[in-house]
Amino acid sequence: MIFGNGIDIQEISAVEDLAARQPNFITKILTNTEKQTYDQKVGKHQGEFLAGRYAAKEAYSKALGTGLGADLNWQQLEIANDEQGRPYFQQHPRQNDLIAHISISHSGNMVKTEVILENMPNTEIPVSVNRPAWIEISKSAVAHNIKFVREFSGAKRFMAILKANAYGHGLPQMVEAAREGGADAFGVATLDEAIWLRHFGVKEPILVLGIVEAEQVKLAWKHQIIVPVANLAWLKSAQKVFPMESTNKPLLVALAVDTGMTRIGIRTENELQETFNAINRDPRFKLHSIGMHFATADTNNEAYFEQQLERWHTLTDELEISADVWRHLANSGTALWHKNPSTDAIRIGAAMYGIDSSQGALEKRDLQPVLSLKAKLVQVKQVEADVSVSYGATYTTDQPTWIGTIPLGYADGYLRKLQGGYGLLPDGRHVEIIGRIAMDQCMVALPEEIPVGTVITLIGSAGGQHVTLEDLAERLETIPYEVATTLSVRLPRYLVD
Ligand SMILES: *Cc1c(COP(=O)(O)O)cnc(C)c1O
């Protein structure tokens, strides 16, 4: 948010006159460091420099709304030039909470300056930090899974799929874990997710898996993000909005081929050939990769898998794709349960998170779960028999019972249907979730008096016992992907070993 802005214009000759008349003027306006720069300048450059500093400090005071005087002193403001020669505030009294942007321009005898003061993002506002309920992400499990899938499939390049807040695992934590684990590229669902990764410092290739609106390609180009070309019409629209001057740095595109997923991608040979040619002819575009997506790779439907693979060959075998173009066909199911149709690159989500996307239908692979969901008991009390627990009084104790309250509920993604399920005490004993799960809290039946602060594991392992995303998915009659992506951003995520 902008805090304030100020503009000031000075006549250079008038400032020079002032300096000549009042010997103290220069040392009043300039700090010692600025004075040294001033002394090194000669002729009209001295006057320009002095007038520029004078005007910029005036502009700062206007932006702050105080004026120079009792509240703000000239010497508190120091302007330096960065390596590119651009001025910036080396020192100003509000540098802890305001960012000062400055511009100084000269024209003839005039110097014009503008200062914009911007509020610093407030890092003190807790979004999800101070809470006795949290998610842990195991770095070593991610590294193990990446290594396992890479070796098992023989793929040269591992593209880590981080869409949807990294399958609910937390984007910042998973980027770090996947990079340490050796991922070569990243895949996300939306342009914003991709830009977010760039802001996070990711230099590796980033592919957007979903269609980006043609109007947005400039933004993708600016951040060097790879976008899919899923039909010829899209390419034509993108060509219209894309500026000619960008030829020195082309827009990276990935051809999406539809072989039977019937979601995005080109279905026919003619359209594919035409689109392929159009990309190659246009120097503003560069084909980065070509891929397809299997619909049944993590099921027993081998026939449909083979049919899609055959279609892929029919569609692409005739294309003269150069060797540096990545081919990526495999998702987790393909990499884990099929002969890898291309050892070039694989796009892996589920398996990297240690999720069995077949939910036990296919042979078990050596994957480690990555995510744990934990919370501390915040209250423990004993109630007598015949006491109802939580909304709707759906649960009534049949004997004196120790009840623990957990500060986590359906708004965190621990859904109401999980009532009757269980969490784990540190020693592995099961504690049943009793009564309705509320928005932010739920209750467990404890085997005895357990101290407040004891950690209950709702997903993960404790004392040799396990609760997996797959277990929860079964109770919720859904798939583990949905369970993980439902975990809300209100839960802090921490990287652990
Ligand atoms: C989500 C997605 C993947 C990753 O799938 P997993 O089964 O989680 O490995 C790969 N490719 C595309 C196009 C996707 O949308």
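Including glycine, each Cβ sits where the backbone N, Cα and C put it.
Just so you know, TrEMBL annotations never went through curation; they're auto-generated.
Annotation source TrEMBL lists active site, proton acceptor at Lys163, Tyr391. Positions annotated as Mg(2+) binding site by TrEMBL: Asp8, Glu58. As annotated by TrEMBL, substrate binding site applies to Arg263, Met439. Annotation source TrEMBL lists domain 'Alanine racemase C-terminal' at 370-496. What TrEMBL records for Lys163 is N6-(pyridoxal phosphate)lysine.
Averaged across the domain 'Alanine racemase C-terminal' (370-496), pLDDT for the predicted model comes to 97. Mapped onto three states, the DSSP output places Arg263 (substrate binding site) in coil.
For the pair formed by Asp8 (Mg(2+) binding site) and Lys163 (active site, proton acceptor), distance between Cα atoms is given as 47 Å, rounded to the nearest Å. Here the domain 'Alanine racemase C-terminal' (370-496) has, by DSSP, the following mix of helix, strand and coil residues: 23 helix, 49 strand, 55 coil.
Taking the C-alpha atom of Arg263 (substrate binding site) as reference, the shortest distance to any of the recorded positions Glu58, Lys163, Tyr391 belongs to Lys163. Every protein chain considered, the tally of other Cβ atoms within 10 Å of the Cβ of Asp8 (Mg(2+) binding site) stands at 20.
With a 10 A radius on its CB, Lys163 (active site, proton acceptor) counts 19 other CB atoms from all the protein chains.
If you draw a 10 Å sphere around the CB of Tyr391 (active site, proton acceptor), it holds 12 other CB atoms from the protein chains shown. Checked against Glu58 (Mg(2+) binding site), the recorded positions Lys163, Tyr391, Met439 differ in C-alpha distance, with Lys163 being the nearest. In the structure shown, across all protein chains, Glu58 is the one of the binding-site residues Glu58, Met439 with the greatest number of other Cβ atoms within 10 Å. For the pair Met439 (substrate binding site) and Lys163 (active site, proton acceptor), the Cα-Cα distance reads 26 Å. Straight-line distance linking the Cα atoms of Lys163 (active site, proton acceptor) and Tyr391 (active site, proton acceptor), rounded to a whole number, equals 35 Å.
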